[in-house]
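Notes follow once the structure below has been shown.
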Amino acid sequence: MASNEDFSITQDLEIPADIVELHDINVEPLPMEDIPTESVQYEDVDGNWIYGGHNHPPLMVLQPLFTNTGYGDHDQEMLMLQTQEEVVGYCDSDNQLGNDLEDQLALPDSIEDEHFQMTLASLSASAASTSTSTQSRSKKPSKKPSGKSATSTEANPAGSSSSLGTRKWEQKQMQVKTLEGEFSVTMWSPNDNNDQGAVGEGQAENPPDYSEYLKGKKLPPGGLPGIDLSDPKQLAEFTKVKPKRSKGEPPKTVPCSYSGCEKMFRDYAAMRKHLHIHGPRVHVCAECGKAFLESSKLRRHQLVHTGEKPFQCTFEGCGKRFSLDFNLRTHLRIHTGDKPFVCPFDVCNRKFAQSTNLKTHILTHVKTKNNP
């Protein structure tokens, strides 16, 4: 059974005030505090080079360049000079600001660093050229510079001269030796000892030739000055046979650039060819592990292991065979009786077919002289 519900619709219904009780709401006022304000004056950046202008020249920044600490450079720090791009067409006032910045350039503690001095020299030259080109591009150049500009122009060269000194630089060829070989590079070095280098270069001579003492000339009673025949190295150099130089052959005036080598050559091409001797020995014998500079020397050495002896003595009744032609030539002296090596001591006239035998014989004289 559905219930009956009554609905009534009223318009502009108002609730009497005596039925609903209204309460007053108290609103507290908000405290008012004075906040201090600052007036900020912004600089006119229309002419600033950072915002597209050109009143300020490019700044020069010294940035630290940290090296790899894995190679022992823990306490070393390099300075890298970095400049911003040059802005063309700036006015004379910019040049004055650039001169002021030169006096504020940061310098390292040690001004004796040659590489840093060279960099400063190039920077000073660049600043001077920039100043000159700016004055030439001026629309109305003044005939007589102002006192301030003249003082600044005259003071800058003096300052750079006092800081950089009178050192001159030149390019030199340096030999660099690596695991793969030796090569030459061009480096800048101070030209402080030009006179000493010229004197040393003029005094460079060919190493002394003692071959005449092996052919019959006798030694002086006091011996050769600066030569100790008891030293195996000096004795080997003394008994070393040097090739004869023809009369028309030019003198050898180019020294070997390798440290410790005193050989001389006719030209730089011959010296560069000789430098391969000081290079790495990459051709290794698989039998004994001996290394050689050239593959031809390795092939000649391998004859010792194979037992091959292609060089045979042609004298009747001999028939000896040798692996090297040099050994065959030395052997032939036995048949010919040729003994080109003569004892250089005055009291001895013995002769030998090989220089090694003469070297052994000289040691007997040296031992007798040192132990009378």
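Cβ coordinates come from backbone N, Cα and C, glycine included.
Here's what Swiss-Prot has on this protein:
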{"type": "REGION", "residues": "32-102", "note": "region 'Mediates transcriptional activation'"}
{"type": "REGION", "residues": "126-172", "note": "region 'Disordered'"}
{"type": "COMPBIAS", "residues": "126-136", "note": "compositional bias 'Low complexity'"}
{"type": "COMPBIAS", "residues": "137-146", "note": "compositional bias 'Basic residues'"}
{"type": "COMPBIAS", "residues": "154-165", "note": "compositional bias 'Polar residues'"}
{"type": "REGION", "residues": "186-210", "note": "region 'Disordered'"}
{"type": "COMPBIAS", "residues": "186-196", "note": "compositional bias 'Polar residues'"}
{"type": "REGION", "residues": "237-372", "note": "region 'Mediates transcriptional repression'"}
{"type": "ZN_FING", "residues": "254-278", "note": "zinc finger"}
{"type": "ZN_FING", "residues": "283-305", "note": "zinc finger"}
{"type": "ZN_FING", "residues": "311-335", "note": "zinc finger"}
{"type": "ZN_FING", "residues": "341-365", "note": "zinc finger"}
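Per DSSP, the secondary structure of the region 'Mediates transcriptional repression' (237-372) breaks down as 53 helix, 16 strand, 67 coil. Across the residues of the zinc finger (283-305), the predicted structure has a mean pLDDT of 89. Remote same-chain residues near the zinc finger (311-335) are listed as 300, 303-304, 353-354 (criterion: CB distance under 8 Å, separation of at least six residues from the stretch ends).
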